[in-house]
Every structure is written in structure tokens, then in C-alpha cells.
Amino acid sequence: MRTVTINQQVLPAIGLGTWHIGDSEATRSREIGALSAGLDAGAKVIDTAEMYGNGRSERLVGEVLNQHQRDDVYLVSKVLPENASAKQLPRSLDRSLEALNTDYLDLYLLHWRGNIPLAETVRAMEAAKKAGKIRAWGVSNFDVDDMQELLSVPDGDQVAVNEVLINLQNRGTLFDLLPWQEEHHIPTLAYSPIAQGDTLGGNLADNETLKSIAAAHHVSVFAIMLAWVIQLPDVLAIPESGTIDHARENVAVADLVLSDEELTRINTAFPTPTHKVPLAVI
């Protein structure tokens with residue numbers, strides 16, 4: 001199984017995303033079952049945020065945690081940028097902990113950069129860590145210049161991870177951000193790694209190269225898209241899984257090995273940009 005190490009924790013390279021999880025009562029029990037099945041299948045990371053469903057996602061994840069040992073889950077949540085001040089971050093964190101029915105997060109992320117100075121947010125993160133409410137902190141949707149500025153503030157080098165959009169349709173991070181993070185030993189969480197089921201454009205599911213490789217492995221095109229993401233250095237992918245079967249299929253990709261020849265074919269069909277492009281964010 002492919003793994004990624006974050007804050008000295010060795011984690012399976014496929015986690016469980018929850019962006020649209022909890023939005024509808026009609027699908028709630030199915031989504032709880034999917035997340036629970038993903039954990040049973042070997043996933044460890046669950047990624048959520050206070051923004052997702054205005055807290056509904058966190059509350060649903062809290063129900064999932066009730067069915068599992070807390071130590072078996074690596075729990076990630078995110079604070080909105082307007083709540084990332086010294087005064088508001090502790091309040092947001094406490095609300096998230098209550099919704100998740102836990103007394104600590106393994107990882108707490110700044111969801112994206114806002115107007116509050118990074119130094120203030122880092123101080124608040126470090127205070128939460130010292131209080132035992134989080135084990136580590138990180139950022140999301142930060143580009144190279146943001147990461148460089150982050151490392152320039154006191155304790156900014158304690159950043160554990162950067163979560164960004166990576167999939168075959170959005171490869172701009174391969175030009176500069178991922179190499180920079182690899183050089184600085186900062187792992188990456190990849191959100192929407194299968195382009196939200198190919199709804200982001202590009203018609204990836206119809207690509208003949210991907211279809212051929214998928215047929216050779218007896219898996220879906222989406223499994224190949226996901227396998228490509230996690231072969232990137234120190235990248236842990238967090239696809240969403242709304243059904244039990246989908247969750248199990250996603251988690252199984254951590255054991256899927258693409259050959260060098262297959263990776264070459266994919267990278268030829270989807271080449272790395274040769275110049276800087278704006279960081280893709282959704």
C-alpha cells in the first residue's frame with residue numbers, strides 16, 4: 001500500500017473527502033455508511049471543514065467517529081480565513097471539535113488565505129497545538145509565494161501540509177509548487193483528485209490512454225486518475241465517496257501500481273505545464 005508521512009504519522013495515500021457530504025438528509029445514512037466502509041477498507045484520513053455544509057459535514061463525520069476507535073482515524077478539519085484570527089480561531093476550533101465529537105484534531109488547516117496576517121494565524125495554531133486541541137496544523141490553497149511568506153514568519157516552518165487541487169485536468173502544481181514542497185519536505189493533500197467525477201471539464205473519462213490502462217488493470221478510468229495522483233511525491237489524495245462500493249474502490253487504489261511505461265503514456269497525454277500558471281482553486 002502506498003503511504004505518505006505527515007507529522008510523523010504514516011498514512012495510506014488514499015483518504016476520504018467530505019466536501020459535499022452531509023448536504024442532504026436523504027443521503028445521510030448512505031454517506032455515513034460510505035465513510036465507515038472506507039475506514040474499514042484501510043483508509044485512515046478523513047478530511048472535512050467548518051465550511052462544508054455550514055458544519056453539517058463535521059457533524060456527520062462525528063457520527064462516523066462514534067463507530068470507530070478515535071486512534072484509527074487521522075482527522076483533518078479547516079478554519080475559514082475570516083475565523084483565523086487570534087480571537088476567532090479558538091472559537092471555530094471548539095465548534096469543530098464539538099461537532100466532530102472529539103477532543104482533538106490530528107490536523108487543522110487554514111482553508112485559504114484571507115486578510116488576517118499569517119503571523120497571527122500561526123500563533124493561534126501553535127497555541128492550539130500547545131493546548132492539545134490539535135496535533136499539527138497546515139494550510140490549503142497556498143501557492144509558492146504564499147508558502148515562502150509562511151516560512152518567513154515565526155513558527156511558520158511548523159506547517160505540516162498544504163492541501164491543493166490536483167488532478168489530470170489541473171496539473172499546474174507540478175510545474176513549481178510540488179517541486180518546492182518536496183524540496184522543503186512539506187507533503188501535499190490533493191482535493192478533487194478525480195476532478196469531481198470528471199465534472200470539472202476535460203472529458204477525462206473518455207480519454208483513450210486512460211481507458212486502455214484502466215482495461216489492463218480491470219479498474220475504472222477514475223481509479224487510474226486517482227493512481228496517477230498518488231504516485232506524485234508525498235501526495236495523499238482525498239476523493240469523495242458517497243457510496244460504500246465507491247469508497248472501497250477508491251481505497252483499493254492505494255495498492256494499484258502503475259508501471260513506468262503507463263506513467264509515461266499518461267504524462268504524454270497530459271503533459272506538465274512548461275510555465276507558471278495560476279493556482280487552480282474550486
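Cβ atoms here come from the backbone N, Cα and C positions, even for glycine.
Here is what TrEMBL records for this protein:
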type	residues	note
DOMAIN	13-267	domain 'NADP-dependent oxidoreductase'
ACT_SITE	TYR52	active site, proton donor
SITE	LYS78	site 'Lowers pKa of active site Tyr'
BINDING	HIS111	substrate binding site
At 10 angstroms around each C-beta, which of the recorded positions LYS78, HIS111 has the fewest other C-beta atoms nearby? HIS111
Between the Cα atoms of LYS78 (site 'Lowers pKa of active site Tyr') and the residue listed as 'active site, proton donor', find the distance and write it as a whole number of Å. 9
C-alpha spacing of TYR52 (active site, proton donor) relative to HIS111 (substrate binding site), in angstrom: 11
Please list residues from the chain of the residue listed as 'active site, proton donor' whose Cβ is under 8 angstroms from its Cβ, counting only those at least six apart in sequence. THR18, TRP19, HIS20, ILE21, GLY22, GLU58
Where LYS78 (site 'Lowers pKa of active site Tyr') falls in three-state DSSP terms: strand
Once DSSP output is merged into helix, strand and coil, the residue listed as 'substrate binding site' belongs to coil
Return the average pLDDT for the domain 'NADP-dependent oxidoreductase' (13-267) as a whole number. 95
